[in-house]
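According to TrEMBL, the protein carries these features:
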COMPBIAS  11-37  compositional bias 'Basic and acidic residues'
COMPBIAS  43-53  compositional bias 'Low complexity'
COMPBIAS  59-97  compositional bias 'Basic and acidic residues'
COMPBIAS  104-128  compositional bias 'Basic and acidic residues'
COMPBIAS  134-143  compositional bias 'Polar residues'
REGION    1-143  region 'Disordered'
């Protein structure tokens with residue numbers, strides 16, 4: 001928050017306030033854009049986690065059917081087990097990425113909420129300062 005005591009006229013004060021408001025609006029817009037991006041990343045991570053869970057189920061099903069034909073397909077069985085392990089690892093990795101994306105969403109939301117709250121507080125403070133400045137200018141002019 002800038003010091004408004006350096007303003008020499010209402011016009012300068014208004015310019016200074018408008019500049020601050022514009023800067024804060026850019027910060028809020030950027031935070032909201034980051035929040036939107038984090039939501040998209042979370043959505044992608046959730047979809048990937050779901051696909052990975054399906055892959056685990058499919059690999060497990062394949063392992064069961066391969067076991068039934070073990071005498072004819074020992075080699076296929078080994079491949080299916082390897083696929084199941086890979087799918088489980090992929091599922092764990094995707095789950096971790098989803099958790100990370102969720103944390104990013106929460107952090108971005110908290111930042112956006114904080115910036116919006118600060119923007120509102122600063123605007124109220126600026127409005128009060130401007131009103132006080134205008135009252136003092138009016139009382140000085142009426143004397």
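Note that Cβ sites are derived from N, Cα and C of the backbone, with glycine treated the same way.
TrEMBL labels come from automatic prediction, so no person has curated them.
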Between the compositional bias 'Basic and acidic residues' (59-97) and the stretches 43-53, 104-128, 134-143, work out which stretch tops the count of Cβ pairs under 8 Å.
43-53
Report, as numbers and ranges, which residues of the same chain sit near the compositional bias 'Low complexity' (43-53): CB under 8 Å and 6 or more residues beyond its ends.
87, 90-91, 93-95, 97-98, 100-101
